[in-house]
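Pulled from TrEMBL, these are the features on record:
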BINDING   G168, R169, S170, I234  NADP(+) binding site
DOMAIN    5-120  domain 'Tetrahydrofolate dehydrogenase/cyclohydrolase catalytic'
DOMAIN    141-288  domain 'Tetrahydrofolate dehydrogenase/cyclohydrolase NAD(P)-binding'
Amino acid sequence: MAEVIDGKAVAADVIAKVTSASGVLAASKNVTPGLAVIIVGEDPASQVYVAAKSRTAKECGFNSLQHTLPADVSEAYLMDLIEVLNLDPAIHGILVQLPLPGHIDAGKVIQAIAPEKDVDGFHFVNVGKLGTGEVDTAFVPCTPAGSMLLIERVHGKDLSGLNAVVVGRSNIVGKPMANLLLAANATVTVAHSRTKNLPELCRGADILVAAVGRPEMIRGEWVKRGTTVIDVGINRVAAPEKGNGKNRLIGDVAYAEAADHAGAITPVPGGVGPMTIALLMANTLTSAYLASSLPRPQF
Ligand SMILES: Nc1nc2c(c(=O)[nH]1)N[C@@H](CN(C=O)c1ccc(C(=O)N[C@@H](CCC(=O)O)C(=O)O)cc1)CN2
């Protein structure tokens, strides 16, 4: 049976380090990290995530400002707000919760954020740094950065000689994840919906990252004995056993089957999800350190 990788515990560890480093910044430079979170509309899952971000930011000793905008807000209004936040020296991190309503061009909005405040790591400057191996000077997207810390707990920092398969090629997870694994010397394959012989490909993985957004798509027999399985999927499905209208979260991996084969596996919930929030705090703190001419803290 696989070791269960406790994302909640590792996230708590990161948050404790961020809180302590935030105290050092306040004492030495009289600076409080400022995080601005923008949410557009009333998507229930986004509301849960944004509330968790604001709550955790406060726990870390940050100033947390939430901008809640109506679903029909204009793109121009959002762009103006980002410009104001870009110019505000008390704000070190700006985050626009995704997804955005269809009438807003998310790409354009993300590129309007100043790269040095882009704590989501989605701006072309940060994407380019990561893609060219400049990991130490980039803001790295929070979910893949958190997943790497979980992988590090199992394999250490150097993944030389290990085959990693990333299933999914999104800009938020799949592509940055592949770049991080490459930067750690893994041999990386990125698979997606058009990939042939996916089960066979997955069976070659020492590290298997599932980020497809399809509930339980990765089956137990796709997992080689001893593989480390990182499940990034968060899928809400009906749970009639819990009562009428209730639901539950499941990953992109069929957990019980995969746990029989894997060496280590992340659960859903309680695996990668909490790491996303923790790494957002780490990125915001890093931004505040850099703005105060201090070296990047390490996590
Ligand atoms: N601007 C961004 N938008 C979105 C991102 C992102 O990184 N930046 N990622 C996702 C959602 N997300 C953060 O925003 C996120 C998802 C899940 C969790 C989490 O802690 N999940 C828990 C379960 C929580 C629940 O009950 O729903 C877990 O897996 O244990 C945190 C953040 C899309 N948008």
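Each residue, glycine too, has its Cβ placed from N, Cα and C.
Here the features listed in TrEMBL are painted onto the structure.
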| residue | record | Cβ within 10 Å |
| --- | --- | --- |
| G168 | NADP(+) binding site | 23 |
| R169 | NADP(+) binding site | 18 |
| S170 | NADP(+) binding site | 16 |
| I234 | NADP(+) binding site | 20 |
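In this structure, none of the binding-site residues G168, R169, S170 sits close to ligand 1 with a C-beta under 6 angstroms from any of its atoms. Under DSSP, the residues of the domain 'Tetrahydrofolate dehydrogenase/cyclohydrolase catalytic' (5-120) split into helix, strand and coil as follows: 62 helix, 18 strand, 36 coil.
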